[in-house]
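For reference, Swiss-Prot has these:
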- Cys355: active site (ACT_SITE)
- Cys184, Cys187, Cys206, Cys209: Zn(2+) 1 binding site (BINDING)
- Cys201, His203, Cys229, Cys234: Zn(2+) 2 binding site (BINDING)
- Cys370, Cys373, His380, Cys387: Zn(2+) 6 binding site (BINDING)
- 1-47: compositional bias 'Acidic residues' (COMPBIAS)
- 65-90: compositional bias 'Gly residues' (COMPBIAS)
- Lys140: N6-acetyllysine (MOD_RES)
- 1-93: region 'Disordered' (REGION)
- 406-555: region 'Ariadne domain' (REGION)
- 184-234: zinc finger (ZN_FING)
- 254-315: zinc finger (ZN_FING)
- 342-373: zinc finger (ZN_FING)
Amino acid sequence: MDSDEGYNYEFDEDEECSEEDSGAEEEEDDDEDEPDDDNLDLGEVELVEPGLGVGGERDGLLCGETGGGGGSALGPGGGGGGGGGGGGPGHEQEEDYRYEVLTAEQILQHMVECIREVNEVIQNPATITRILLSHFNWDKEKLMERYFDGNLEKLFAECHVINPSKKSRTRQMNTRSSAQDMPCQICYLNYPNSYFTGLECGHKFCMQCWSEYLTTKIMEEGMGQTISCPAHGCDILVDDNTVMRLITDSKVKLKYQHLITNSFVECNRLLKWCPAPDCHHVVKVQYPDAKPVRCKCGRQFCFNCGENWHDPVKCKWLKKWIKKCDDDSETSNWIAANTKECPKCHVTIEKDGGCNHMVCRNQNCKAEFCWVCLGPWEPHGSAWYNCNRYNEDDAKAARDAQERSRAALQRYLFYCNRYMNHMQSLRFEHKLYAQVKQKMEEMQQHNMSWIEVQFLKKAVDVLCQCRATLMYTYVFAFYLKKNNQSIIFENNQADLENATEVLSGYLERDISQDSLQDIKQKVQDKYRYCESRRRVLLQHVHEGYEKDLWEYIED
């Protein structure tokens, strides 16, 4: 173990049972390296490591109690969606949605507390209880129900652990003499008995092989809670104390901790990992909902789906949109220009020669048709390069189907291009913070106070909020059926979009001494108007949700 002081989570002796409590006698063990299973050791390593994004304050922030001004969806310290703390976690102030941001070590503490609560009833070693809870997806009630149904042997077999009450008996049966060296069954090198270690199943291997085996499982295969004994055919799981004792690399230990805590978080509907790269913080809510939460790293996301906060579109439609973009966006332009659909099976076909006689390569179709009119090829006779069948009914039907497909593609491209345009603009606007900071410094040199120049930062905050909202309005509009309410929505969208572009233009202008007061007035008026129009748009969409005014196009 590292000599540096780390976080060692242990139960108090009076809260954890001994082996006598489990009905087994305390026995001397030849293996002096065997850990005390009554202590859950997941933390003899610093949880903060450069480049892994773990750390920060110990205490979680209850975001409903923080203050601060409004910020942008992407700006430093900003708060998207109409509120949020300037430098810390933010939230939609009109929504009383309270949450905590937890560090990795706090999640470990939550795990230990969960194990402690269960152990007050079932009285098992902490490492065994952790494996049992993992098997039941950390559902304490299900574990308790199974534990007391009268069939403990079946339960422990399903969880791939040895019944603690048989622990001493198993150790005694597998005690080996230390009088002579013995070969390791993995590397076949001879070592003294003191260099061997193993699990309660009785299979023992040299410590070097154990370390390499565990490192491979953790770092290359990403396994944490399901690492089994390396003996062939043995499915007994390796406990946490054994892993932490046999691994010396702190990076491997840190990865193992993350794998174990990840299973705890993924099984808890009130917990969600921050989706930001290299951030190991977790958001804990009082109840799960599609609401915005902000991590300590500054990332704001939807707690329900984990995507960036996407008001006004719902998670269901955003998920469909993202999938559609992943499938279509890179190839749609090429498909529109170079391919047609088979009039029979609608498989997309590329013409790779000059002849208009097409044969569908779909093994279940094999339709023959004309590339020009999409009608059956048989009536074309010998007109190999000139189609004179434009007026036939079947050819017209095929062309109509093709036109509908093209129209659907053009509609998708219309919304996709505008969605991507606002996304790109949002990235550019994010760079405005550096430019605005420089302008604010220049304005202070022209006899303006620090407070007087804050309108520029506020304007960029509002601009980024509006860009993010507009980006997701095009996802909402793509799936929206036309009706009177959708027309109102599109008018609100157009008004906000126009005002946002004007505000963006103001902020990109060079500010001179002569235009200082004029541009300040224009920027303030315009960002206030943008705030108002954004609020109106969102309120109208939310009212439509409440009154069931929206009808959708199933893609």
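One-based numbering along the chain as shown.
Any Cβ shown, glycine's included, is placed from N, Cα and C.
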| CB contacts for Cys373 (Zn(2+) 6 binding site) [other CB atoms within 10 A, all chains] | 21
| remark: Most isolated by CB count within 10 A, of the binding-site residues Cys187, Cys206, Cys229, is Cys187
| Given the binding-site residues Cys184, Cys187, Cys201, His203, which one's Cα is the least distant from that of Cys355 (active site)? | Cys187
| task | For the recorded Zn(2+) 1 site, enumerate neighbouring residues of the same chain (Cβ within 8 Å of the Cβ centroid of Cys184, Cys187, Cys206, Cys209, site residues themselves excluded), in sequence order. | result | Gln185, Ile186, Tyr188, Leu189, Tyr191, Phe205, Met207, Gln208, Trp210
| task | For Cys184 (Zn(2+) 1 binding site), just count the other CB atoms lying within 10 A of its CB, please. | result | 18
| note | Taking only the CA atoms, the spacing between Cys184 (Zn(2+) 1 binding site) and His203 (Zn(2+) 2 binding site), expressed in whole angstrom, is 10
| remark: Taking DSSP helix as H, G and I and strand as E and B, the zinc finger (184-234) has 17 helix, 9 strand, 25 coil
| binding-site residues compared (Cys201, Cys370) - highest count of Cβ atoms within 10 Å | Cys370
| remark: Secondary structure split (DSSP) over the region 'Ariadne domain' (406-555) reads 120 helix, 2 strand, 28 coil
| field | Helix, strand or coil at Lys140 (N6-acetyllysine) [DSSP, three-state] | value | helix
| task | Please classify the secondary structure at Cys370 (Zn(2+) 6 binding site) using three-state DSSP. | result | strand
| note | For Zn(2+) 2, residues beyond Cys201, His203, Cys229, Cys234 with C-beta within 8 angstroms of the site's Cβ centre include exactly Gly198, Leu199, Gly202, Ser228, Pro230, Ala231, Ile236
| said: Within the zinc finger (254-315), what mean pLDDT does the predicted structure show? | reply: 91
| field | Cys229 (Zn(2+) 2 binding site) and Cys206 (Zn(2+) 1 binding site), Cα-Cα, nearest whole angstrom | value | 13
| remark: Ranked by how many other Cβ atoms lie within 10 Å of their Cβ, the recorded positions Cys209, Cys234, Cys355 are led by Cys209
| Looking at the binding-site residues His203, Cys234, Cys373, whose Cα is closest in space to that of Lys140 (N6-acetyllysine)? | Cys234
